Amino acid sequence: MFIDKIKAKANNYEINVIIEIPMNSGPIKYEFDKESGAIFVDRFMQTTMSYPCNYGFIPHTLSNDGDPVDVLVVAHHPVVPGSVIKCRAVGVLMMEDESGLDEKIIAVPTSKLDITFDHIKELDDLCDMLKQRIVHFFEHYKDLEKGKWVKVTGWENKSKADALINEGIDRVS
């Protein structure tokens with residue numbers, strides 16, 4: 001995959017997300033290598049937990065932690081690693097880990113991909129149980145890894161998500 005050919009935004013309202021980890025997959029953390037285009041196994045998670053959403057990043061962005069902007073894509077199905085999915089941001093999970101701030105944009109597929117998410121405009125439109133599962137996952141997925149920790153500090157709205165995305169794009173430009 002030639003990541004340099006994939007834009008961060010499909011248009012003013014949609015982002016492109018490269019999936020690294022499918023929802024409900026085994027306890028394996030994958031990472032996309034930008035230079036080779038390969039997906040590497042980053043580590044086998046010591047907890048037997050699976051990601052509650054598809055997990056990936058926005059190409060050509062840089063977040064505060066030095067990595068591309070992270071995105072959780074809410075969907076009804078797992079998406080194959082390496083796939084590019086067009087999404088709309090609806091909010092952000094604010095958290096910190098042993099390395100510092102580590103925000104996660106929450107997004108849904110565009111209407112062209114799945115009309116069942118058309119009514120989701122903000123985080124408040126998502127099911128409360130899904131939001132609880134997301135928090136639970138991130139609060140505990142590193143529990144058995146020595147020296148690692150996560151603290152979820154709250155949720156922010158779509159405006160904050162859009163701001164973080166634009167800041168991430170600006171850091172690369």
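Every residue, even glycine, has its Cβ placed from backbone N, Cα and C.
For the Mg(2+) 1 site, Swiss-Prot gives ASP65, ASP70; the one candidate out of ASP33, ASP102 that the record lists there too is ASP102. In this structure, ASP65 is the one among the binding-site residues ASP65, ASP70, ASP102 with the smallest number of other Cβ atoms inside 10 Å of its Cβ. In this structure, LYS29 (substrate binding site) is part of a beta strand by DSSP.
Checked against LYS29 (substrate binding site), the binding-site residues ASP65, ASP70, ASP102 differ in C-alpha distance, with ASP70 being the nearest. Take the Cα of ASP70 (Mg(2+) 1 binding site) and measure to each of the binding-site residues ARG43, TYR55, TYR141: the nearest one is TYR55. Neighbour list (TYR55 (substrate binding site), Cβ cut-off 8 Å, at least 6 residues apart, same chain): ILE19, GLU20, ILE21, MET23, ASP70, VAL71, LEU72, VAL73.
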